[in-house]
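Lifted from TrEMBL, the feature list:
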BINDING   A:105, A:108, A:109, A:110  Fe(3+) binding site
DOMAIN    A:15-195  domain 'Nitrile hydratase alpha/Thiocyanate hydrolase gamma'
């Protein structure tokens, strides 16, 4: 549906169709363009993987916080001020030297927005959605993460409103770094489970 | 629901794309507008936020509408489908306006009489509390039903008919299968069920485990 061709040449590109939709809804007072700007600002500037990095750095430096995070992720994440759409119920799983968790949504692209922002392109890509539930070790290798053969992999398919968040392993050699110094090391990809955090 | 959206385990997609550092949130300005429009269109189309109905709209897109313009093109097309579902927009209205924006002179369809569903969520979001005790316990063996689902569902095709172990009893959530069709919230417990890779994919599969969160009515006890 929707890609109908009226016979007068190519269907207009998505950019033009987006503009058309905004016009059609705005001129009838059904949406306010300022509300669109607000949504965009939220996800371009306020909500992103920096939030998750703060959660991880806190968990690495505060064992009591780490315990609370693994026990009730939603509440512990909310302690740091992060909650909202796509974060109603967050479950945190920990990667270690012997266990590796990786997250996907095969049905759409569910993702814990309050801690990671909107998903990156690779996460939404059909190849990732289709393959990581069938051959995760191969997929992770293609993404640049080689896991030892004795590492047990668990793939979490986000088929309900439960959102998964991976607490990456703290890299060796970072014992002298403070919570604030650890934050910039923590990458989005590590918090989905397709990368490890590396020491600076 | 069968269709393009249920991708788990399907072949033919080629290699994955390695992550890029510093990828922008939106690659192009129209994507951010399409994202925000889709977010707000659900309320216009359905009178209240119904994420399940939005997902069902995405699932009903044909292969080209789902894939050709990427993730945000899919959201744009899903928004259009929601708005035509509720007759806020006539079919073809966006296409006609877009053609006029680029200088073609085409007639735009008249604005139809809206038919917005009589819908009001009982609370924000999808978490609900239910009085009934969970039917399955942690450690119990359960089978994902091998049932065809004509409309929306969150039971992926690749787990249907397979047996796993309940790992976590999650809270109750609104049942997508009915909520997407405005047939009530019918909240149910959700279970994180752990499957062995060889149960899902056969003896030659890579060794790993997989969890999926499955609604209670998707599951049956095994003997």
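Cβ atoms here come from the backbone N, Cα and C positions, even for glycine.
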Relative to the mean position of the Cβ atoms of A:105, A:108, A:109, A:110, the recorded Fe(3+) site, which additional same-chain residues have Cβ within 8 Å? A:106, A:107, A:111, A:119, A:124, A:129, A:158
Contacting chain B at Cβ under 8 Å, from the binding-site residues A:105, A:108, A:109, A:110, are A:108, A:109
Give the sequence-ordered list of residues that share a chain with residue A:110 (Fe(3+) binding site), lie 6 or more positions from it, and have CB atoms under 8 Å from its CB. A:86, A:158, A:161, A:163
For residue A:108 (Fe(3+) binding site), list the number of other Cβ atoms lying within 10 Å of its Cβ atom. 22
Across the domain 'Nitrile hydratase alpha/Thiocyanate hydrolase gamma' (A:15-195), what is the average pLDDT of the model, as a whole number? 97
Note: in the chain of residue A:109 (Fe(3+) binding site), residues six or more apart in sequence with C-beta under 8 angstroms of its C-beta are A:119, A:123, A:124, A:129
